[in-house]
Amino acid sequence: MAMTDLLSAEDIKKAVGAFAAAESFNYKKFFEMVGLKKKSPEDVKKVFHILDKDQSGFIEEEELKFVLKGFTPEGRDLSDKETKALLAAGDKDGDGKIGAD
């Protein structure tokens with residue numbers, strides 16, 4: 001399954017473009033711009049599984065660094081600071097990774 005099976009290619013392009021500059025990534029705005037906030041929990045889990053490149057059931061810090069590329073190959077890598085901020089926001093139990101739930 002491709003990301004564009006779940007989200008609009010145009011929305012993805014706009015969202016990735018909005019955060020093209022280094023240190024500009026805002027995960028709340030990004031997820032809103034790509035349309036994830038309007039998706040069902042089932043669709044959000046499908047997006048999660050696309051981003052979980054090693055299919056471990058978790059998105060680890062190394063995978064988060066490339067989260068924008070998970071939406072489109074034109075996406076940039078996140079900086080270490082951006083990656084750590086995203087991990088901190090999603091890692092509810094402090095184990096250093098983000099689960100689907």
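Quick reminder: no glycine exception, Cβ is built from N, Cα and C everywhere.
Copied from TrEMBL, the annotated features are:
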- D52, D54, S56, F58, E63: Ca(2+) 1 binding site (BINDING)
- D91, D93, D95, K97: Ca(2+) 2 binding site (BINDING)
- 39-74: domain 'EF-hand' (DOMAIN)
- 78-101: domain 'EF-hand' (DOMAIN)
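Among the binding-site residues D91, D93, K97, the residue whose Cα lies closest in space to that of S56 (Ca(2+) 1 binding site) is K97. Same-chain residues lying 6 or more positions outside the domain 'EF-hand' (78-101) and placing a CB less than 8 Å from one of its CB atoms are 22-23, 25, 27, 45, 48-49, 52, 57-61, 64-68.
Counting only the Cα atoms, the space from D95 (Ca(2+) 2 binding site) to D52 (Ca(2+) 1 binding site) is about 16 angstrom. Closest to D93 (Ca(2+) 2 binding site) by Cα-Cα distance, out of the binding-site residues D52, D54, F58, E63, is F58. The Cβ centroid of D91, D93, D95, K97 marks the Ca(2+) 2 site; residues of that chain outside this set whose Cβ lies within 8 Å of it are F58, K92, G94, G96, I98, G99, given in sequence order. Listed in sequence order, the residues of the same chain lying 6 or more apart from F58 (Ca(2+) 1 binding site) and placing their CB within less than 8 Å of its CB are D52, K97, I98, G99.
Burial estimate for the binding-site residues (D52, D54): highest at D52, by number of other CB atoms within 10 Å. Cβ proximity to the Ca(2+) 1 site centre (mean Cβ of D52, D54, S56, F58, E63, cutoff 8 Å) flags the following additional same-chain residues: K53, Q55, G57, I59, E60, K97.
Averaged over the domain 'EF-hand' (78-101), the predicted model has a pLDDT of 94. Around E63 (Ca(2+) 1 binding site), the same-chain residues at least 6 positions away in sequence with a Cβ under 8 Å from its Cβ are L51, D52, K53, D54, G70.
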